[in-house]
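**Student:** Let me begin by handing over the structure; questions about it come next.
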Amino acid sequence: MYSLIKSLATFATLFSLTLAKFESSTPPVEVVGNKFYFSNNGSQFLIRGIAYQQDAAGSVSSGYDADPNRKYNDPLADADACKRDVKYFKESNTNTLRVYAIDPDKDHEECMKIFSDAGIYIVADLSEPTVSINRNNPEWNLDLYKRYTKVIDKMQEYSNVLGFFAGNEVTNNRSNTDASAFVKAAIRDMKKYIKESDYRQIPVGYSSNDDEEIRVAIADYFSCGSLDDRADFFGINMYEWCGKSTFETSGYKDRTEEIKNLTIPAFFSEYGCNANRPRLFQEIGTLYSDKMTDVWSGGIVYMYFEEANKYGLVSVDGNSVKTLSDYNNYKSEMNKISPSLAHTSTLSSSDASKTLQCPGTAASTWKAATNLPPTPDESYCDCISKSLECVVADDVDKEDYGDLFGQVCGYIDCSAISADGSKGEYGVASFCSDKDRLSYVLNQYYLDQDKKSSACDFKGSASINSKASASGSCKAVSGVATGKASSSGGSSKSGSSSASASGSSSSSTSSGSSSSSGVKATQQMSMVKLVSIITIVTAFVGGMSVVF
C-alpha cells in the first residue's frame, strides 16, 4: 500500500528533511503519481503562482545595482523588494513564485524566509541567460553541469523550494526536437546529484511551449522511461485562453484530454494571454475546477512586473508599487477559487511508479533519441587533457577557436567531440570544455600525421605537450569512454564514437597516399557537424544570449 511506501521513503529521507529550513511554515512538497502533495499531511498541492523576475532575458534595469558585470537580476537576492512585494502575493492568494535565473553567489536567506512565512514556494530555473542549453546547437557539458549543481547547492536547504526547471522552451518546434535529449540528460543528472548529495528529494522538471505539432510527443518524452531518467514534473507555457472564452472553446478541454494519462504532475508554467487588456483571467475558475485539477496541478501567471511586453500585474518604480487592472482582476479571480483536493490516502502503491513508453522517432515531427548524452565528467576530461601530446596553445584567444575547429575538422573526423541528439550518438569528449575538445582534435590530427612536428603547429596555435601522460587510466563515471550513455526507454541507436579515450585517431585513411602538402587524406567530418561545432564555439565565446 502507498502508506508503507511513504513510511519507507520518509524514513530514508528523514535526515535530509530535518535540515530543511522553514519547514514549519512551508513543509516540503513531494511528487506522487501525477500530483504534488504536502509531505506533512498528504493533501494535494495546487500551484497558485506568479512569474517573479525583472529583466529575466539578461538586461539590467536601472537602479537595481551598479554592478556592470551582472547579467540578470535575481529577485531572491533583493530583500527590500521581497518585503515590498510579499503583501501583493498574499492578497492574491499566491503560493508559488517562478524565478528564471538564480545567482548562486548571492544570499537568499532573507527572501526565502519572507516568502516561507507567507506560505510561498519557489520553483526556479537552473540556467541563466548565457549559460543554458541552446536549442540550435544543444550540448550538455561541464559548464552547464557546474552551473546547475551550483544553483541546487545554494537552494536545496530551503523547504519552500518546490522544484527546479532544467530547461524552458529549449525545443520549440519540429526542427529542434533533438535538443530535448540534452535537457532530459540534465534532468537525469540533477536528480542523481540531489540523491547522491543526500539532499531532500527536490523535483526536477521541464517547461515547454505549446506547439501543436510536438506538444503531445514532448510531454510523453519527458515523462517516459525509467524513474531515474524521466522528469519529475512537466510545465506548459499556455496562452490559449484569451479574453472571454470557455473550457471547450479555449482549447483547454483538448489539452486536458491530450495529457490525461501523463504519469507526472503537469501544470501551466506560464499562462495569461494579453491579446486583450486588461486581462480578465476568467480561465482561473476553470483551471482550478474539477474539470482540470485531476490532470493539472494549477499554474503560474505571467508575470508580476510590467515591462515592455505588457504582461505585468503591477508597475514598480523604486519602492513604489502600483497595481494594474490586470492585478485587480487576477486577485479577484484567485480569491474565488475553492478547488477539490486529492489525498495520498487514496493512492495505491503502483501510482508512485507508473511510467510511459517513449514516443518513437519515425514521425517527422519528433526526432529526440531515447539514448541520452552522458554525464559530464570533469575528472575524465582532465585526465584526457593531460594525456594529449598536441594541444591548443595557451595564448590562443577563445574567439579564434571556431576557425581552428573549422580547419582541423576539415582534415579529420571530429565525431569524438560532437553530439547528436537525434541519433543518440555522443563523442567521448563531447561534454568537455571547448579548450579540451579543441586540443583533443588537434592531437587526433597530430597522431594521424605520424607525429610530424609540422602537424602540431597551426601557425603557432598548437604546441607539443612534453608532459603528456598515458591515458589508459582515463575512465568516465558514466561509461562514456566506450561511447555509452543512458537510455530512457524505447529503442534508439546506441551512442558510439570512432575515437578512443587517448585521442588517437581511428578515422579511415586512403591507401597510404597523401596530398601535395604532406597531409594524409583522412575521413572528413560532415559539413553539418562541422558547422554545428563552429557555431557552438562561436556562440560560447561571443556570449550569445539564448533561450533559458
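Sequential numbering from 1, following the chain as shown.
Every residue gets a Cβ built from N, Cα and C, even glycine.
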**Student:** Going by Swiss-Prot, which one of Cys358, Cys432, Cys456, Cys474 is joined to Cys390 by a disulfide bond?
**Tutor:** Cys456
**Student:** Identify which of Cys358, Cys381, Cys383 is listed by Swiss-Prot as the disulfide partner of Cys432.
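**Tutor:** Within the candidate set Cys358, Cys381, Cys383, Swiss-Prot assigns the bond with Cys432 to Cys381.
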**Student:** Check for me: which candidate out of Cys273, Cys358 does Swiss-Prot give as the disulfide partner of Cys242?
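**Tutor:** Here Swiss-Prot pairs Cys242 with Cys273 via a disulfide bond.
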**Student:** Going by the disulfide annotation in Swiss-Prot, which one of Cys82, Cys358 is bonded to Cys224?
**Tutor:** Cys358
**Student:** Of Cys242, Cys358, Cys414, Cys432, which of the disulfide-bonded residues has the most Cβ neighbours inside 10 Å?
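**Tutor:** Counting every other Cβ within 10 Å of each candidate, the maximum falls on Cys414.
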**Student:** Relative to the Cβ position of Cys82 (disulfide bond), how many further Cβ atoms are located within 10 Å?
**Tutor:** 23
**Student:** Measuring Cα to Cα, tell me the gap between Asn41 (N-linked glycosylation site) and Asn261 (N-linked glycosylation site) in whole angstrom.
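**Tutor:** Given the Cα positions, Asn41 (N-linked glycosylation site) is 26 Å from Asn261 (N-linked glycosylation site).
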**Student:** To the nearest whole angstrom, state the Cα distance for the pair Cys82 (disulfide bond) and Cys273 (disulfide bond).
**Tutor:** 26
**Student:** Output, ordered by sequence, the same-chain residues six or more apart from Cys273 (disulfide bond) with a CB under 8 Å from its CB, or 'none'.
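**Tutor:** Cys273 (disulfide bond) has long-range Cβ partners Tyr239, Glu240, Trp241, Cys242, Gly243, Arg279.
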**Student:** Closest of the disulfide-bonded residues to Asn261 (N-linked glycosylation site), Cα to Cα, picking from Cys111, Cys381, Cys456?
**Tutor:** Cys111
